[in-house]
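These come from Swiss-Prot:
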- 113-149: disulfide bond (DISULFID)
- 122-142: disulfide bond (DISULFID)
- 129-146: disulfide bond (DISULFID)
- 171-205: disulfide bond (DISULFID)
- 178-198: disulfide bond (DISULFID)
- 185-202: disulfide bond (DISULFID)
- 208-243: disulfide bond (DISULFID)
- 215-236: disulfide bond (DISULFID)
- 224-240: disulfide bond (DISULFID)
- 67-105: domain 'ShKT 1' (DOMAIN)
- 113-149: domain 'ShKT 2' (DOMAIN)
- 171-205: domain 'ShKT 3' (DOMAIN)
- 208-243: domain 'ShKT 4' (DOMAIN)
- 45: N-linked glycosylation site (CARBOHYD)
- 77: N-linked glycosylation site (CARBOHYD)
- 152: N-linked glycosylation site (CARBOHYD)
- 158: N-linked glycosylation site (CARBOHYD)
- 1-19: signal peptide (SIGNAL)
């Protein structure tokens, strides 16, 4: 009996591969999804996870999955971490970093603000959210679609995007096509943009750290204030809190 159940499940999955997914924008349900998810509790069953993406309307899960992960998979491979979505240890972190993968694009997470542009425009440009060319523009015009809403729920200002991986933050690329655009790192017209969105690719990271292992001993003795700024920054930038 169990074998028959899984056979039906596989056949339904094959049917979904060669069929059109439900359209969230039109709230249009497909009959096959109604058959697969006749018991709606299966919408939350991991066994049906692979079929859920094509039946978001039936499962009332459009808001949960229709967003972008904040960072491309080249920076944080959410697909590989999908098994941690509901783990006790990492669920909150996964909700923040991988909402689209985990189906956590709710109003308390990815959609805290609204798009400025028309919905159809943002949806059509969604695949460009993490591109170098359109990163800033789409962060401004389509913050909800691109999952770049600030935590306070207000629309972001004109300038958005990364900080170039400077200071104490981990140095990572924000855009997903940095390697393709690597030749722009040294081009005057693009260098500022590239260093901000692709600091790792452009070798423009400024990781804050102490150069001298004696800093923990020197700093309590007044090293930060006794010597000139350049010497302090060169030796104990992190301990003296003067990172660029």
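Quick reminder: no glycine exception, Cβ is built from N, Cα and C everywhere.
Distribution of Swiss-Prot features across the structure.
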residue: 142; record: disulfide bond; Cβ contacts under 8 Å, 6 or more apart: 115, 116, 117, 121, 122, 125, 126, 129
residue: 146; record: disulfide bond; Cβ contacts under 8 Å, 6 or more apart: 68, 122, 126, 129, 130, 138, 139
residue: 178; record: disulfide bond; Cβ contacts under 8 Å, 6 or more apart: 74, 132, 194, 197, 198, 200, 201, 202
residue: 185; record: disulfide bond; Cβ contacts under 8 Å, 6 or more apart: 191, 194, 195, 198, 201, 202, 203, 204
residue: 215; record: disulfide bond; Cβ contacts under 8 Å, 6 or more apart: 223, 235, 236, 238, 239, 240
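Comparing Cβ neighbour counts within 10 Å across the disulfide-bonded residues 149, 224, the minimum falls on 224. Spacing of residue 113 (disulfide bond) relative to residue 205 (disulfide bond) is 30 Å (Cα to Cα, whole number).
Cβ crowding, taken as the number of other Cβ atoms within 10 Å, peaks at 202 among the disulfide-bonded residues 122, 202, 208. Set side by side, the glycosylation sites 45, 77 differ in how many other CB atoms lie within 10 angstroms of their CB, and the most is found at 77. Mapped onto three states, the DSSP output places residue 215 (disulfide bond) in helix. In space, 77 is the closest of the recorded positions 45, 77, 149 to residue 205 (disulfide bond), judged by Cα positions.
Sorted by the number of other CB atoms within 10 A, the disulfide-bonded residues 129, 205, 236 start with 205, the lowest.
Taking the Cβ of residue 113 (disulfide bond) as centre and 10 Å as the limit, one finds 16 other Cβ atoms among all the protein chains shown. The DSSP breakdown of the domain 'ShKT 1' (67-105) into helical (H, G, I), extended (E, B) and coil residues amounts to 14 helix, 0 strand, 25 coil.
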